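Here is what Swiss-Prot records for this protein:
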type     : residues : note
TRANSMEM : 23-43    : transmembrane segment
TRANSMEM : 74-94    : transmembrane segment
TRANSMEM : 111-131  : transmembrane segment
TRANSMEM : 139-159  : transmembrane segment
TRANSMEM : 168-188  : transmembrane segment
TRANSMEM : 191-211  : transmembrane segment
TRANSMEM : 214-234  : transmembrane segment
TRANSMEM : 235-255  : transmembrane segment
TRANSMEM : 316-336  : transmembrane segment
TRANSMEM : 345-365  : transmembrane segment
TRANSMEM : 386-406  : transmembrane segment
TRANSMEM : 419-439  : transmembrane segment
C-alpha cells in the first residue's frame with residue numbers, strides 16, 4: 001500500500017502541537033506560570049496604572065435568560081466560578097486516592113484531617129497570643145487559611161522528584177483546611193447559612209446520582225446539574241467552589257460497564273474501520289459510524305475520574321490558575337501606616353502565625369497522632385515531607401486576604417494584615433522550596449551512599 005507523504009507544513013504543525021502538549025503537562029512549568037502571574041499582579045496593582053487593575057476586575061459580567069438576569073463582577077466569576085473547576089479536579093484526585101491510593105486506609109485518611117485541624121488551631125492561638133486590641137482580635141482566622149492553588153504551584157516547582165503522595169497529602173490537608181476556613185467565615189463572619197440553598201443543591205446532587213445510575217458517561221450531561229449544585233451552595237452563603245469538591249468526590253472511579261470488554265470492542269471497531277477504508281469505492285460517510293463507536297469504546301476504557309482529570313488538567317494549570325493569581329495577588333500596599341502600634345502587631349502576628357504556626361501545628365499534631373498509634377504515615381511520605389507540607393501550608397495568600405477583608409473594619413489594620421499575609425506567603429514559599437531542595441539532595445546522597453559500587 002502506497003504511503004501518503006504529509007505536507008511539510010502539516011508535519012511541522014503536528015510536531016509543534018505534540019511538543020506543546022508535553023510542555024503543558026509539566027507541572028513545574030505550571031508553577032512557574034502561576035508565580036509569574038502573581039508577581040505581575042503585584043506590580044500592576046502598585047504601579048501608576050493601578051486604577052486600571054481595579055477597574056478590570058470590577059467590570060460587571062451578566063448572564064441571564066429573558067427577565068432572569070444575574071450580574072456580578074469579573075472578579076466574582078473568576079473566584080467563585082472558574083475556581084470551582086479547579087476544586088473539581090482536586091476533588092477528583094482526592095476521590096482516586098481514597099479509592100485506591102494513599103488515603104484508601106482509614107488510618108491514613110485520618111492523618112491529613114488531624115494535621116489540618118492542628119494547622120488551623122495553632123496559628124489562631126498564636127495570633128491571639130500577641131494581645132491585640134479587641135477590634136484586631138477579630139483577625140484570628142486570617143492565618144488559619146491555606147491557598148491551595150499557590151501551595152500546589154510552589155510544590156510543582158520541585159518537579160517529579162517529589163513523591164506523588166506528598167502532593168496528595170498537601171491537597172487533602174489544604175482541602176480540609178479550606179473547608180474549615182469556609183465554615184469559619186459562615187459562622188463567625190456572616191449572619192449564618194441560608195438553609196434554603198441546601199434544597200437547591202440537593203436537587204442538583206440527585207440529578208447527578210440519577211444520571212450515574214442510568215449510565216450516562218458524557219461529561220456535558222452533568223453541566224446543568226453541576227451548575228444547580230453550585231447555585232445552591234452559593235445561595236447558602238458558603239463558598240460556591242465547594243460544589244467542585246463535592247462533584248469531584250462523586251465522580252466514578254471505575255469504567256462504565258459495557259456489553260463487551262472495551263479492548264475487544266476497540267479491536268472489532270478498528271478492524272471494521274480498516275475494512276471500510278480499504279474498500280475500492282470508499283465513501284467518507286461510511287467511516288463515520290465505526291469512528292463514532294471506536295471513540296465511545298476508547299472513552300469507556302478509562303474510568304471517568306481519570307478521563308476528566310486528563311482533560312481538565314491543562315486548562316486548570318495554564319488557564320484558570322494563572323488568571324486566578326492575576327485577579328487576586330494584586331494587593332495595593334499604599335496607605336499602610338506601620339508606625340501605628342496596632343497595625344504593626346497585626347502584621348507581625350499574621351506573618352508569624354502563618355510562617356511558624358502552620359508548620360508547628362501540622363507537624364506536632366501529625367507526630368502526636370502517629371506516636372499514639374492512631375495514624376500511620378502514608379507510603380513514600382516521611383517526616384521531612386510533613387515539614388515540607390507544613391511550610392507550604394503557610395502560603396495563605398488569597399484566602400487569608402479574603403478573610404482579612406471580612407475581619408477588619410479599620411483600613412490601617414486591614415492593610416497591615418494584607419502586608420503580613422503577602423510577606424508570610426513569600427517567606428513560606430521560599431522556606432518550602434529551600435527545604436524541599438535540601439530534602440531531595442539529602443535523599444539522593446543517602447541513596448547514592450547506600451548503593452553498591
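Cβ from N, Cα, C; glycine included.
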| request: Given the cut-off of 8 Å on Cβ pairs that are 6 or more apart in sequence, determine whether the transmembrane segment (235-255) and the transmembrane segment (168-188) share at least 3 such pairs. | output: yes
| Closest-packing stretch to the transmembrane segment (111-131), where packing means Cβ pairs under 8 Å, from 74-94, 139-159, 168-188 | 168-188
| Beyond the flanks of the transmembrane segment (74-94) by at least 6 residues, Cβ under 8 Å | 56-61, 103, 148-149, 168, 171-172, 175, 230, 234, 239-249, 251, 305, 308-309, 312-313, 315-316, 320-321, 323-324, 327-328, 398
| So, does the transmembrane segment (191-211) come close enough to the transmembrane segment (316-336) to give 3+ Cβ pairs below 8 Å, pairs being at least 6 apart in sequence? | no
| field | Positions whose Cβ lies under 8 angstroms from the transmembrane segment (345-365), at least six residues beyond its ends | value | 114-127, 130-132, 136, 139, 142-143, 146, 173, 338, 383, 386-387, 389-391, 393-396, 400, 404, 408, 413, 416-417, 419-421, 423-425, 427-428, 431
